[in-house]
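**Q** This is the structure I want to talk about, given as structure tokens.
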């Protein structure tokens with residue numbers, strides 16, 4: 001006899017307002033309270049606060065609530081400095097004073113390393129820059145309302161694809177922030193605003209750079225308006241049509257200088273968002289790695305050469321390996337530009353075993369890793385085979401750092417230094433650096 005499928009009835013969500021006590025923050029900065037012994041995550045709530053919340057999601061092991069009202073505020077609560085805070089999905093910790101933000105991030109790093117790597121050491125002093133005006137790059141989203149034909153210009157709303165209208169961003173570098181209202185004014189006069197993709201802003205040492213992604217050809221007067229704007233602000237202008245080909249229309253190729261090295265880049269290349277913290281990060285990595293003039297150093301996930309090239313000025317030989325072929329070519333060109341002859345760069349898939357690669361057959365005294373958020377799980381188990389006595393791991397995700405650290409510890413390394421870098425003030429994003437050594 002055939003069974004007739006009957007879908008389970010959905011559990012009715014109790015949406016009435018409920019008062020709860022917030023106990024702590026999770027690793028992403030959300031407050032955690034408990035409702036019937038189940039963790040309840042509330043964005044915007046702080047430890048010690050009594051708040052009124054409304055359930056928006058309930059699972060078997062956790063629930064999420066919307067912050068409705070704060071009955072008893074924390075002493076650490078501050079008024080957000082940005083008028084777009086409650087809409088924009090960017091700076092999610094503005095309601096927490098900056099010192100407590102740093103404390104929270106350091107506690108998060110230490111807790112994750114203790115839980116997943118079994119390591120508990122004192123942290124080095126955090127690496128800090130300015131807490132405002134620090135972002136040297138941003139992607140501005142564009143969207144045209146089909147009913148009103150109005151162009152929306154700004155950043156994604158929290159946990160949404162919708163756009164918060166933003167023409168003033170306090171964490172954006174002043175040289176870029178001043179461009180926002182003027183770019184919006186120019187773009188909203190375009191004949192086909194629905195054919196615009198997004199705007200990429202980046203600040204090089206030689207000035208700001210504007211990149212417009214567009215899906216159809218622009219009219220001559222539209223290009224002229226953009227060129228006039230860029231020229232007035234001594235900015236470079238790139239146009240990027242559907243072919244993804246970058247076309248430099250005004251100005252020059254952007255670059256930045258780090259530890260005595262000049263690094264040109266295209267506006268769609270990855271560079272660190274916070275220049276001041278990046279500079280200190282490179283300096284600290286070199287200090288911890290301590291490359292000597294008779295040593296060979298391997299830089300995995302090398303990108304444009306942000307670490308490789310400064311290290312090459314101190315080591316006998318540097319090998320940089322990167323998974324994006326275009327970046328490998330640019331790193332090689334950057335080495336030539338800086339007259340660095342002791343650095344070689346290779347393209348390889350660093351998400352899988354690197355046995356058989358020519359560069360991997362060589363031995364190295366020291367290794368630096370700077371992977372993306374996913375970490376280095378594909379290759380981390382092979383680090384010891386490279387012969388390195390010292391490994392510096394730069395991470396933008398403490399969870400994958402903790403996971404990969406366990407592998408390094410299993411290979412006989414000891415964690416001797418650990419520190420947090422506040423690359424993204426007022427957000428829950430956490431950059432960190434760890435030093436592993438073999439005795």
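The backbone N, Cα and C atoms fix where each Cβ goes, glycine too.
These figures come from a predicted structure and were not determined experimentally.
Below are the features I grabbed from Swiss-Prot:
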DOMAIN    10-69  domain 'TRAM'
BINDING   82, 88, 91, 169  [4Fe-4S] cluster binding site
BINDING   272, 301, 306, 322, 349, 370  S-adenosyl-L-methionine binding site
ACT_SITE  396  active site, nucleophile
**Q** Quick one: of 301, 322, 370, 396, which recorded positions lie within 10 angstroms of residue 91 ([4Fe-4S] cluster binding site), measuring between C-alpha atoms? Sequence order, please.
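**A** Neighbours among recorded positions: none.
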**Q** Summarise the domain 'TRAM' (10-69) by DSSP state, stating how many residues are helix, strand and coil.
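**A** Secondary-structure breakdown of the domain 'TRAM' (10-69): 0 helix, 33 strand, 27 coil.
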**Q** Take the C-alpha atoms of residue 88 ([4Fe-4S] cluster binding site) and residue 272 (S-adenosyl-L-methionine binding site) and report the distance between them in angstrom, rounded.
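**A** Cα-Cα distance, residue 88 ([4Fe-4S] cluster binding site) to residue 272 (S-adenosyl-L-methionine binding site): 21 Å.
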**Q** Taking the domain 'TRAM' (10-69) alone, what is its mean pLDDT?
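**A** On average, pLDDT over the domain 'TRAM' (10-69) sits at 92.
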**Q** Under 8 Å between C-beta atoms and at least six apart in sequence, can you list the same-chain neighbours of residue 370 (S-adenosyl-L-methionine binding site), or say none if there are none?
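**A** Expected: 299, 300, 301, 302, 303, 306, 307, 394.
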**Q** Among the binding-site residues listed here, 272, 306, 349, which has the most company in the form of other Cβ atoms within 10 Å of its Cβ?
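**A** It comes out as 306.
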**Q** What's the CA-CA gap between the residue listed as 'active site, nucleophile' and residue 322 (S-adenosyl-L-methionine binding site) in angstrom, rounded?
**A** 17
**Q** Can you figure out which of 272, 322, 349 (the binding-site residues) comes closest in space to residue 82 ([4Fe-4S] cluster binding site), comparing Cα atoms?
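**A** Of the binding-site residues 272, 322, 349, 272 has its Cα closest to that of residue 82 ([4Fe-4S] cluster binding site).
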**Q** Roughly how many angstrom lie between the C-alpha atoms of residue 322 (S-adenosyl-L-methionine binding site) and residue 169 ([4Fe-4S] cluster binding site)?
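**A** Rounded to the nearest whole number, the Cα-Cα distance is 33 Å.
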**Q** Write down the Cα-Cα distance for residue 272 (S-adenosyl-L-methionine binding site) and residue 169 ([4Fe-4S] cluster binding site), rounded and given in Å.
**A** 18
**Q** When you look at 272, 301, 306, 322, 349, 370, which the record names as binding S-adenosyl-L-methionine, what is the longest CA to CA distance in angstrom?
**A** 22
**Q** Among the binding-site residues listed here (82, 91), identify the one with the smallest other-Cβ count within 10 Å.
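**A** Each of the binding-site residues 82, 91 was scored; lowest Cβ tally within 10 Å is 82.
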**Q** Within 10 Å of the Cβ of residue 301 (S-adenosyl-L-methionine binding site), how many other Cβ atoms can you find? Include all protein chains, please.
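**A** Taking all protein chains shown, residue 301 (S-adenosyl-L-methionine binding site) has 20 Cβ neighbours within 10 Å.
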